[in-house]
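The next block holds one structure in the form of structure tokens; read it before the comments.
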Amino acid sequence: MSNITELTCVEGEPKVIFEEVYYLPYMPAPPSHQHPTWEVALKISFYVLAILMDLVGNVIVILIIVLNRKMRTTTNTLIANLAISDLMVACFCMWVHAGNSVTSQWPFGRFFCKVNTFFQILSVTASVLTLMVIAIERFYVVWFPFKGHWSPVVTWSVIVATWIVALATAAPQLAVRVMYTVHFMDGKQVWCEEAWKEYYVDEDCNSYAPGKKYYYIVVSLVMYFLPIAVMLFTYSMIAYRLLVKRPAANHSADGKLSHQERAKRKITQMLAIVLGVFIVFWTPQQLMLLHLAINQPYQDEKPYMSTIKYIALYLAYFSSAINPYLYAGFNENYRRGFLEAFQCILMQKANRIDPDATATPTQRQQTRAITQQRACTGPPAYTHTKNPFLTVPNHGTPEAVDKNQPASQLNKNVNCSLQDSAYDSYPSVASHLNGRAATVDVSTLSDKVKDSPVENIETKV
């Protein structure tokens with residue numbers, strides 16, 4: 001039998017594909033690399049922190065939007081989709097990378113070898129594309145305030161399209177991921193890798209996988225270069241609209257910035273942070289992917305490359321853990337929404353356990369229904385006006401009007417002003433609506449609604 005070192009290959013011929021299970025009963029197993037204890041502890045600690053931040057932050061965001069009807073706006077629906085995809089990163093990506101980075105062999109079996117990278121690319125692509133869609137939606141809202149409002153049909157169509165693109169991007173992984181097992185006389189080695197069709201490039205049996213190269217170029221375009229180009233354009237245009245093309249009315253008589261102008265600057269700063277975090281956290285991983293895909297055949301890997309790979313992928317995953325704190329934690333609406341959702345849960349529990357013993361069953365039922373409605377749903381976040389693309393926030397009535405009186409007793413003008421919560425989503429509408437009057441059309445109210453408190457009644461321009 002000829003020695004394997006004497007084997008020569010023909011340039012351009014397909015590479016010989018090894019069996020998934022291979023037996024070498026007369027050869028000892030090569031030594032495996034053992035990671036130092038401090039390295040294992042450090043890597044696991046990093047991922048425990050990332051997983052906890054991801055789970056807590058994104059679950060809270062989803063609960064706020066689901067439990068609080070006032071939060072179900074277009075932007076928040078997209079943020080909820082972002083939270084779902086980021087949760088998948090914690091569930092399918094982080095712990096796998098943590099375990100694989102501290103062991104010398106693939107530890108999770110054949111099934112996870114086949115599906116884990118599929119779910120990784122699926123969830124990460126959906127997350128990144130949702131970031132891009134949020135940037136596009138905000139661009140339309142700021143530049144076309146009377147036409148840029150997305151209907152629920154448009155919003156959900158965009159979300160579905162995002163997941164279809166993510167599925168198409170991740171699907172090839174189901175075909176190319178293979179777990180190899182080699183049995184030696186004193187043990188075995190197991191690893192999981194992508195088995196692309198390769199061709200020999202020289203007589204030394206170095207090989208090249210063109211399919212892998214083109215695939216990762218497409219992945220980089222979808223996951224990084226396209227989103228970053230769109231986000232750079234949209235956020236730059238938003239900043240230009242808010243800071244450069246500002247009306248003179250945004251300045252007070254003494255030359256100081258108005259409340260609305262300060263809010264504009266706050267929004268612009270937030271957008272700059274989001275874009276900066278995206279670039280910092282995703283650039284190393286994308287450069288690494290392109291380097292590994294383009295620079296084939298591979299040379300002997302330097303010892304420090306495994307550390308660079310770990311840091312690059314960890315940063316990309318960690319961005320999913322901090323997304324909810326960027327998009328929601330800095331927003332007063334989410335902090336208030338969390339408190340309202342928490343109060344809703346407590347109110348429902350209190351109403352089930354300790355109803356008013358002195359009230360009649362009918363009174364207790366009505367009180368419970370009204371209390372839960374106001375605690376859990378509240379008035380809509382925005383009320384549609386005669387212009388189908390124009391919405392105004394329902395901020396109640398003037399101080400002179402008793403907000404607790406039945407609506408049937410009200411036939412007055414109410415003040416309609418855009419406050420911070422509405423300004424976050426509709427900044428360009430502020431100068432058009434601020435200070436205008438709105439009227440409650442009592443004649444259109446049902447008998448049941450007429451007996452509701454005034455502060456729950458929707459207004460019409």
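Yeah, the Cβs are placed from backbone N, Cα and C, and that goes for glycine too.
The feature domain 'G-protein coupled receptors family 1 profile' is assigned by TrEMBL to 57-327.
Here TrEMBL flags 44-66 (among others) as transmembrane segment.
Per TrEMBL, transmembrane segment is recorded for 78-98 (among others).
TrEMBL lists 118-141 (among others) with the feature transmembrane segment.
Sequence-distant neighbours of the transmembrane segment (153-175) (same chain, 6+ residues past either end, Cβ-Cβ under 8 Å): 74, 77-78, 81, 85, 114-115, 117-123, 125-126, 129-130, 133, 194, 215, 218-219, 222-223. What TrEMBL lists as transmembrane segment is 153-175 (among others).
For the transmembrane segment (214-238), the list of distant contacts is 121, 124-125, 128-129, 131-132, 135-136, 138-139, 142-143, 165, 169, 172, 196, 267-268, 271-272, 274-275, 278-279, 282-283, 286, 289-290, 292-294: same-chain residues at least six beyond its ends, Cβ to Cβ under 8 Å. Annotation source TrEMBL lists transmembrane segment at 214-238 (among others).
Taken from TrEMBL, the feature transmembrane segment covers 270-290 (among others). Within the same chain, residues 128, 131, 138, 216-217, 219-220, 223-225, 227-228, 231-232, 235, 238-239, 308-309, 311-313, 315-316, 318-319, 322, 326-327, 330 sit at least 6 positions outside the transmembrane segment (270-290) and bring their C-beta atoms closer than 8 Å to a C-beta of that stretch.
As annotated by TrEMBL, transmembrane segment applies to 310-328 (among others).
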Long-range Cβ neighbours of the transmembrane segment (44-66) (under 8 Å; 6 or more residues past either end): 72, 76-77, 79-80, 83-84, 86-87, 89-90, 94-95, 97-98, 102, 314, 317-318, 320-325, 327-329, 334, 337-338, 341
Average model confidence [pLDDT] within the domain 'G-protein coupled receptors family 1 profile' (57-327): 83
Beyond the flanks of the transmembrane segment (310-328) by at least 6 residues, Cβ under 8 Å: 43, 46-47, 50-51, 53-54, 57-58, 60-61, 64, 79, 82-83, 85-86, 89-90, 93-94, 97, 101, 123-124, 127, 131, 134, 270, 273-274, 277-278, 280-282, 284-285, 287-288, 334
